[in-house]
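Step one of this worksheet: look at the structure below.
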Amino acid sequence: MAQPYDDNNIFAKILRGEIPCNKVYEDDHVLAFHDINPQTPTHVLVIPKGRYVSSDDFFNEADEAEIAAFFRAVGKISRDLGVVDRGYRILANAGADAHQEVPHFHLHIFAGTDLGRMIKPAGA
Ligand code: 5GP
């Protein structure tokens with residue numbers, strides 16, 4: 001059973017303008033802003049404006065226009081941030097094992113330093 005969308009999650013509040021964000025991009029379907037607690041010199045979050053709990057929810061339930069707009073935006077934002085030449089990582093946490101904190105689908109864009117080769121599991 002899919003988790004219901006919580007309209008009080010922090011990104012829903014950002015989308016409604018109730019909480020400020022340091023915006024880097026916006027269009028009809030997408031908002032992107034700097035992470036409040038950056039893990040790398042560049043750390044941007046890209047979110048759809050639609051009410052999607054997770055990547056699972058978005059990938060399966062969003063319509064074609066939302067999905068196309070989202071990934072086109074990720075491409076444009078990455079170029080506009082100037083991170084493409086040196087390299088960057090995009091990541092989505094989904095569910096408990098991935099420690100997803102905010103239940104509104106988002107992609108992280110990490111860049112600006114050597115990001116290492118891969119992810120280390122907890123305890124490894
Ligand atoms: P998750 O673990 O869900 O993939 O990542 C959630 C991200 O949202 C974290 O990197 C966290 O720092 C970021 N975050 C949480 N609250 C806020 C906020 O109010 N504003 C911004 N800009 N980022 C936030």
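Using N, Cα and C of the backbone, Cβ positions are placed for all residues, glycine too.
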Listed range which TrEMBL flags as motif 'Histidine triad motif', given the options 64-68, 94-98, 104-108, 109-113: 104-108
Listed in sequence order, residues with CB under 8 A of HIS106 (active site, tele-AMP-histidine intermediate) and six or more positions away: PHE11, LEU45, VAL46, ILE47, ALA92
Tally of DSSP helical, extended and coil residues in the domain 'HIT' (10-120): 31 helix, 25 strand, 55 coil
